[in-house]
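Novice: First the structure, which I've put down as structure tokens, then a few questions once you've had a look.
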Amino acid sequence: MAHYYLEPSRTFSEFLLIPNLTTKECTPSNVKLTTPITKFKRGTQPDIALNIPFSSAVMQSVSDHNLATALAQCGGISFIFGSQSVEDQAAMVRKVKEHKAGFVVSRSNLTPQHTLKDVLDLKEQNNHSTVAITDDGTPRGRLLGIVTSRDYRISRDSLDKQVQEFMTPFSSLIYGTSGITLPEANDLIWQHKLNCLPIVDDQQKLQYLVFRKDYDSHKENPLSLLDSNKSYIVGAGINTKDYGERVPALVEAGVDILVIDSSDGYSEWQKETVEYVKANFDVKIGAGNVVDREGFLYLVEAGADFVKVGIGGGSICITREQKGIGRGQASALIEVNEARNQYFEETGIYVPICSDGGIVHDYHITLALAMGADFVMMGRYFARFDESPTKKLKIGNNFVKEFWGEGSNRARNWQRYDAGGKQTLVFEEGVDSYVPYAGSLRENLDKTIYKIKSTMCNCGSNSIAELQQNARITLVSATSLVEGGAHDVIMKESSLSGE
Ligand code: IMP
């Protein structure tokens, strides 16, 4: 006989947090949001921890290399979308890894035999102010000079003029050598009034460029999520079909952590994929999505480093309507959290869980953390920002950005779904939509983070672990939801507009 769950499954909006005593030490500036993303043994530290509990969704309209860099600068992580060719996804990962905080691998490079026309073409294409001149025209070739706009005059110089005739030659350059620290590089930049400092090894091979503006931005980003090499940490989505080709390429590109992207993760396909990755590579891997204890334990036994929770709650998701599967996000999280804590008690291994989908208000993030999530994954939230990959459009008087589900026809992500071997989507599980444009990631994130920290102070918690331990969470009735908004007053805006 079928098993029934006769309690309704709940969403975040059905809960509120009850304040605990706020001590004087409990202030937003004292709250730390560091959180584990990979499993670890009791008493040890996770190999990877986030500085803020945010990850961006594995979606074409959300997580490319630009958003990944911007989010890593703020302390969170992106999982670059997998619904693209292996080469394109690996190239995006490589771009994030090359964007070493403050140290940049040169992207505009020519040889001394190129011409002024080549310089101008390259500048138009890349919009970079500095071109590195190396013996073979590669970013790691022997550095022979640098060209900036101060080295030529378009009105006077012939377009055929060779670079070697007008570049600033290596002998006249101020440069740093391998091993130089960022503050040391910055001292040289200031001392010599430079815009850019090349870093070379002992054979004069170009390593990095350090730009004055990047040093400033590095100082503004104290929470940057960096690996031991000072490169940004980045994730990537994979699927259970082509992992044999995709994973080696992503690992080669330097990916730090993978996640299997699927609407239903409780499957033998996921177990096989996790086992393959664990047997062949030294890279972290998360799996999901699940909504109950059994699904969680299955993926943990398979070896997952973290588990993602949520089916059907995503803003663009129509899985529940199409297939009738899913569970309210809060109920799913509460059950998986219980299973995780029990697993920790029994084995001493803490497996982080990620609440994926359905975050609408900032307080939903705090609730998710209180209910046991170590971090959240969001699509709609990040799709609204300048840094997401989609175009900003004007509709009527409003600016919007496009946002489409990985299960929509537009994404053509048949690998994410079990299409019974068909290389096509048989039916859609997501929609193609707009979201209101909201400006820069940094500005919005700062506000959201401040709200989370301030709520955590109301709950008497200076860390996510304390919040998970201390939170008191109450169900709300339908009528108290009315009480929660502005009520029984005449809103000035609507009375003025005559509505
Ligand atoms: P959001 O933050 O509410 O927009 O939810 C984002 C999440 O929705 C993603 O991380 C995925 O787990 C999920 N998702 C993405 N595309 C689809 C889709 O087309 N159908 C169903 N779920 C999707």
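Heads up, the Cβ atoms here are built off N, Cα and C, so glycines get one too.
Keep in mind that TrEMBL annotations are predicted by a computer and have not been checked by a curator.
Positions annotated as domain 'CBS' by TrEMBL: 167-225. Annotated NAD(+) binding site per TrEMBL: Asp261, Ser262, Ser263, Gly310, Ile311, Gly312, in sequence order. Annotation comment: TrEMBL describes Gly312, Gly314, Cys317 as K(+) binding site. Marked as active site, thioimidate intermediate by TrEMBL: Cys317. Annotation source TrEMBL lists active site, proton acceptor at Arg416.
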Novice: By a 10 A CB contact count over all chains shown, which of the binding-site residues listed here is most packed: Ser262, Ser263?
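Specialist: Result of the Cβ crowding comparison: Ser262.
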Novice: Near ligand 1, which of the recorded positions show up if the criterion is a Cβ under 6 Å from one of its atoms? Options: Asp261, Ser262, Gly312, Gly314, Cys317, Arg416.
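Specialist: Close enough to ligand 1 are Gly314, Cys317.
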Novice: What is the number of other Cβ atoms found within 10 Å of the Cβ of the residue listed as 'active site, proton acceptor'?
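Specialist: Taking all protein chains shown, the residue listed as 'active site, proton acceptor' has 25 Cβ neighbours within 10 Å.
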Novice: For Gly310 (NAD(+) binding site) and Cys317 (K(+) binding site), determine the Cα separation and express it in whole Å.
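Specialist: The separation of the Cα atoms works out to 11 Å.
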Novice: Using DSSP, tally how many residues of the domain 'CBS' (167-225) sit in helix, strand and coil.
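Specialist: DSSP composition of the domain 'CBS' (167-225): 22 helix, 16 strand, 21 coil.
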Novice: Hey, what's the Cβ neighbour count for Gly314 (K(+) binding site) at 10 Å?
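Specialist: Counting Cβ neighbours of Gly314 (K(+) binding site) within 10 Å gives 29.
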Novice: When you rank Gly314, Cys317, Arg416 by Cα distance to Ser262 (NAD(+) binding site), which of the recorded positions ends up on top as the closest?
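Specialist: Going through Gly314, Cys317, Arg416 one by one, the closest to Ser262 (NAD(+) binding site) is Arg416.
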Novice: Can you check which residue among the binding-site residues Gly310, Gly312 has the largest number of Cβ atoms within 10 Å of its own?
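Specialist: Result of the Cβ crowding comparison: Gly310.
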Novice: What is the interatomic distance between the Cα atoms of Ile311 (NAD(+) binding site) and the residue listed as 'active site, proton acceptor', given in whole Å?
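Specialist: Approximately 13 Å lies between the Cα of Ile311 (NAD(+) binding site) and that of the residue listed as 'active site, proton acceptor'.
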Novice: Restricting to the chain of Asp261 (NAD(+) binding site) and a gap of 6 or more, list residues whose Cβ falls under 8 Å of its Cβ, or answer none.
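Specialist: Set apart from Asp261 (NAD(+) binding site) by at least 6 residues yet with Cβ under 8 Å, we have Val58, Phe79, Gly82, Gly237, Ile238, Asn239, Glu406, Arg416.
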Novice: Whole-number answer please: how many Å between the C-alpha atoms of Gly314 (K(+) binding site) and Ser263 (NAD(+) binding site)?
Specialist: 10
Novice: Would you please pick out, from the binding-site residues Ile311, Cys317, the one with the fewest other Cβ atoms within 10 Å of its Cβ?
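Specialist: Result for the binding-site residues Ile311, Cys317: minimum number of other Cβ atoms within 10 Å at Cys317.
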Novice: Given the model, what does the mean pLDDT over the domain 'CBS' (167-225) come out as?
Specialist: 88
